[in-house]
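Here is the structure we will look at, set down as structure tokens.
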Amino acid sequence: MVTSTKIHRQHDSMGAVCKSYYQLTKPRIIPLLLITTAASMWIASEGRVDLPKLLITLLGGTLAAASAQTLNCIYDQDIDYEMLRTRARPIPAGKVQPRHALIFALALGVLSFALLATFVNVLSGCLALSGIVFYMLVYTHWLKRHTAQNIVIGGAAGSIPPLVGWAAVTGDLSWTPWVLFALIFLWTPPHFWALALMIKDDYAQVNVPMLPVIAGEEKTVSQIWYYSLLVVPFSLLLVYPLHQLGILYLAIAIILGGQFLVKAWQLKQAPGDRDLARGLFKFSIFYLMLLCLAMVIDSLPVTHQLVAQMGTLLLG
């Protein structure tokens, strides 16, 4: 427990204490995870999502992601201190003690599992818990500091939210959530390596073997291009052969996918261009958000009715 003396010495107020713990969770990362969870739930429920279940599932997912990110901050406190970009994070800055952060992280994880298992179902709780364990043990502990393919395998942790969302609605896992899992798994390397190209000097400084540091920029942008080529066709599997989504999603997925490929190709032609890397990184976020929004809209019954009416008018 943080004593009043320690609070007074390290923070100006209780609000500042809460802010430090909030920052431990890396809150900017969480919304994208929740968007993929929500999209999966909408598809699974065929556009008739149960609002209370949706909110509970998203809250459980938020707690799980916050737990995983806090554990990551604890483990990486040594390299966070060495990098100027991360030195101001709560633990290296001395605002939160590691043992207090650990208690906080474990409490978040337990609360996430309890909430999902009690009010949704056990499978969704177990999947959320597996995401925490995988992110911490496999990615943060085992892969991140030992292999240039860290983000490829480690990306599985960030691909779990659609499984949680689907399980929350159906209580099981069919082919569709695994396609969503694969889509995000393939999307992660282009997204993260574009960022790594911009901050590769930071990683080199602390001996973290990110691909741009180990293999260089040209090899990295080639890998980005290859993974991007896989992302687009995988996004279309939801239309055929799975028949989960229709023509509206198909049109949006093709347009977004085409732009994704254009940006990846432009970066491939100019590996050292940080602006192009930044552009791809930002667009990759935009891409996934809009793709998930298209999934939600396409799954709605009213969308099916409108598309059917338009088809009748065109054919009639």
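Every residue gets a Cβ built from N, Cα and C, even glycine.
Here's what Swiss-Prot has on this protein:
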- 29-49: transmembrane segment (TRANSMEM)
- 54-74: transmembrane segment (TRANSMEM)
- 102-122: transmembrane segment (TRANSMEM)
- 123-143: transmembrane segment (TRANSMEM)
- 151-171: transmembrane segment (TRANSMEM)
- 179-199: transmembrane segment (TRANSMEM)
- 224-241: transmembrane segment (TRANSMEM)
- 245-267: transmembrane segment (TRANSMEM)
- 283-303: transmembrane segment (TRANSMEM)
Sequence gap of 6 or more, Cβ distance under 8 Å, 3 or more pairs: do the transmembrane segment (283-303) and the transmembrane segment (29-49) meet that?
-> yes
Sequence-remote contacts (6 or more beyond its ends) of the transmembrane segment (224-241), Cβ cut-off under 8 Å?
-> 43, 176, 179-180, 182-183, 186-187, 189-190, 193-194, 249-250, 253-254, 257-258, 260-261, 264-265, 267-268, 280, 291, 295
Name the range, of those listed as 151-171, 179-199, 245-267, that has the largest tally of Cβ pairs under 8 Å with the transmembrane segment (29-49).
-> 151-171
Same-chain residues at least 6 beyond the ends of the transmembrane segment (179-199) with a Cβ under 8 Å from one of its Cβ atoms are 36, 39-40, 43, 85, 151-152, 155-156, 158-163, 166, 210-213, 217, 220-221, 223-224, 227-228, 230-231, 234-235, 237-238, 242, 260, 264, 267, 271, 274, 277-278, 280-281, 284-285, 287-288
